[in-house]
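Step one of this worksheet: look at the structure below.
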Amino acid sequence: MQKEEMVLKYINKIIFLFMTVVGTLGNMSVSVNYMFSWWGSPEKKPIHVILIHLAFTNIIILLTKGLPKTVTAFCLRNFLDDIGCKIIVYLTRVARGLSICTSSFLTVVQAIIISPRASGWRRLRTKSAWHILPFLLFFWILNGLISMNLIHSITSTGLNMSHLSNSNNYCYFMQESQEIKWIVLPLMVLRDAVFQGAMGGASGYMVFLLHKHHQHVLYLQNSKLLYRTPPELRAAQSVLLLMLCFVFFYWTDCAFSLILSLSSRDNTLIANTQEFLALGYATFSPLVLIHRDRLLVECWYVQMEKLRKCLSHLYVQ
């Protein structure tokens, strides 16, 4: 029995470390690539701003949730004091809300971009990428306010409280008043419902438009005419894959959290699985973008071309 527990703990350590490192590097690659595209392109695309923000949000989740969990899994000393614990847990909650809001916003903006010219949605298309920034600022303010209660209800387990069962290994959640619970919980549920409803509606609209496009392509192929898929539609397909990834990890995380809350005894396997699922979207969403849009290949190609031109220029001189 002890041998099985040691093996499970070792696997737990490796998975936490793998997800934190791979997810952080993947999100950094995505954000750097889109920053290069932003600065190097005369046309500033709103989608690039949203994807940079999503990657930044994912990095916050991985560093504030994944890194402390990795430290705990390797049985290292709790490095967080009371203030550090409040900051870490607060940023984790804010970043989770930002992930929901940004993913939903990304879907809606992409649906507007690919909407037909005659559609009324086309009028909502942003003419400048800078118009995106007020929405992102609103998401920060909204989620920052919703998560304010954590500042008063979180303390470090290092403060002689490690024996308490309500501990999250490195931080302890103190009991809140019923009034605060009934204010914060409905706000969180309302936020998730509104933004996921918008995400579902925009995703359904994109699926409808992509289906029409597919039928159009089949008609052109039967007519033996050449046709190239517009980049906006390829981007829409990538966004839909991201949304499928988000929905899978969000709802499986919710399901495992519900099982844990209803369980009468501690279940380490379910608890660890739920922690992995909480990091899943932040870890794998950049990999979807890298694979789908060939981000790293294009980024390296551009940098190598610049280096080649620079070296050829020096050689001519």
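Cβ atoms are placed via backbone N, Cα and C, with glycine included.
Lifted from TrEMBL, the feature list:
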type	residues	note
DOMAIN	26-289	domain 'G-protein coupled receptors family 1 profile'
TRANSMEM	14-36	transmembrane segment
TRANSMEM	48-67	transmembrane segment
TRANSMEM	87-114	transmembrane segment
TRANSMEM	135-155	transmembrane segment
TRANSMEM	232-251	transmembrane segment
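Below 8 A, the CB atoms of the transmembrane segment (87-114) and the transmembrane segment (232-251) form 3+ pairs separated by six or more positions in the chain.
Taken together, the residues in the domain 'G-protein coupled receptors family 1 profile' (26-289) have a mean pLDDT of 80 on the 0 to 100 scale.
Only residues 6 or more beyond the boundaries of the transmembrane segment (232-251), in the same chain, are considered here, and those with a CB under 8 A from a CB of the stretch are 47, 99-100, 103, 106-107, 110-111, 113-114, 196, 199, 203, 206-207, 209-210, 213, 277-278, 280-281, 284-285, 288-289, 292-293.
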